Amino acid sequence: MNPTRLANAKRLVVKVGSALVTNNGTGLDLSAINDWARQIAVLRQQDKEVVLVSSGAIACGMQRLGWAKRPKSVHELQAAAAVGQMGLVQVYEGAFAKHGLHTAQILLTHDDLADRKRYLNARSTLNTLLELGVVPIINENDTVVTDEIKFGDNDTLGALVANLIEADALIILTDQQGLYTADPRKDPSATLINEATAGDETLEGMAGGAGTRIGTGGMITKVIAAKRAARSGAHTAIASGRETDPIIRLANGEPVGTLLVSQTQPLAARKQWLADHLQLAGRLILDAGAVNALHAGKSLLPIGVIAAEGEFERGAAVACISPDGREIARGLSNYGSGEARLIARKTTQEIENTLGYVDEPEIIHRDNLILS
């Protein structure tokens, strides 16, 4: 395991599974939760930013309601999630408060990250919380979703959050030592894989598909999550949450568990996402000065926009059109079409006078823009 890969990570997402959070379904494991908070506090002292993705609401609710068997009814699962989330948040808040850290609860659905406007709002909120030194604690909003309450949700959610905040690393803590060449519970010759490339097709065959009766995912979902996180440049570590100080040791670059390495630089991965996965909702007509600015790698400011065509909301993908009608770039607009028309040809300082507020100083930030 290359020690520099995670040691250089400044922004990390840590995902802990239900089996760890609830001590295999016997109630919240207070000792483990307090220990994770202690480890994350150490990382905060090292000026590392950490987002915690925690499973456990449904499992905690099952324990509180006295249910030994995971129900199959969606509404019963949602009821358990509602009951359990209360206990989960209270415990995390108390654990981090011992180290002088504030926490924030964020409940997401996959739809929140698929919708561009909500995606930008979630990203802005998370970035603000991290700037404030707060530890965001994220869980799937199981009480309102339907299809998302299924196999592997929070492994996927951890990867999506890593993409969302452009994290350097995703740490997935589980009840296994890492990824093996075969299921070690069935094959005594199975060996631990120390390092591999995220997205290697052979890994999914090694991972199998078994989960626990408390959680919903198995190792296969973690391998798929690592592949997804790698698209935005994040390396993924899969390790046992029952090791001594796994979060600290991984963040320091120690060889714990399995490291699945992203072969893509973060910015390149983000640009690829912008190029391949966005449907254009409108067009911004630019002046020559704005065209030159974009070619120089700068953001698109309102003063360089002549007109906005089409009807689109904040976060929508738009094409940037040169004065001679050529598409020169595309990106995510920080303003809806109505707002864009109002602030076109205005300086950044004039945005607030025009709209009464400022979402962002740019119409399209350079990180959300790719040249055509």
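Note that Cβ sites are derived from N, Cα and C of the backbone, with glycine treated the same way.
Cβ neighbours of K15 (ATP binding site) (same chain, under 8 Å, six or more residues apart in sequence): L52, V53, S54, S55, N154, D155, L157, G158, L170, I171, I172, L173. The DSSP secondary structure for K15 (ATP binding site) is strand. Per Swiss-Prot, the feature ATP binding site maps to K15, T174, D175, T216, G217, G218, M219, I220, T221, K222.
Cβ contacts within 10 Å of D142 (substrate binding site), excluding its own Cβ and spanning all protein chains shown: 26. Residues annotated as substrate binding site in Swiss-Prot: S55, D142, N154.
Swiss-Prot lists 281-358 with the feature domain 'PUA', giving sequence analysis as the kind of evidence. Mean model confidence of the domain 'PUA' (281-358) amounts to 95 (pLDDT, 0 to 100 scale).
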**Asked** Which one is it: of the binding-site residues D175, M219, T221, whose Cα lies the shortest distance from the Cα of D142 (substrate binding site)?
**Response** T221
**Item:** Longest CA-CA distance among S55, D142, N154, per record bound to substrate, angstrom
**Value:** 11
**Prompt:** Counting other CB atoms within 10 A of each CB, which of the binding-site residues S55, N154, T221 comes out lowest?
**Reply:** T221
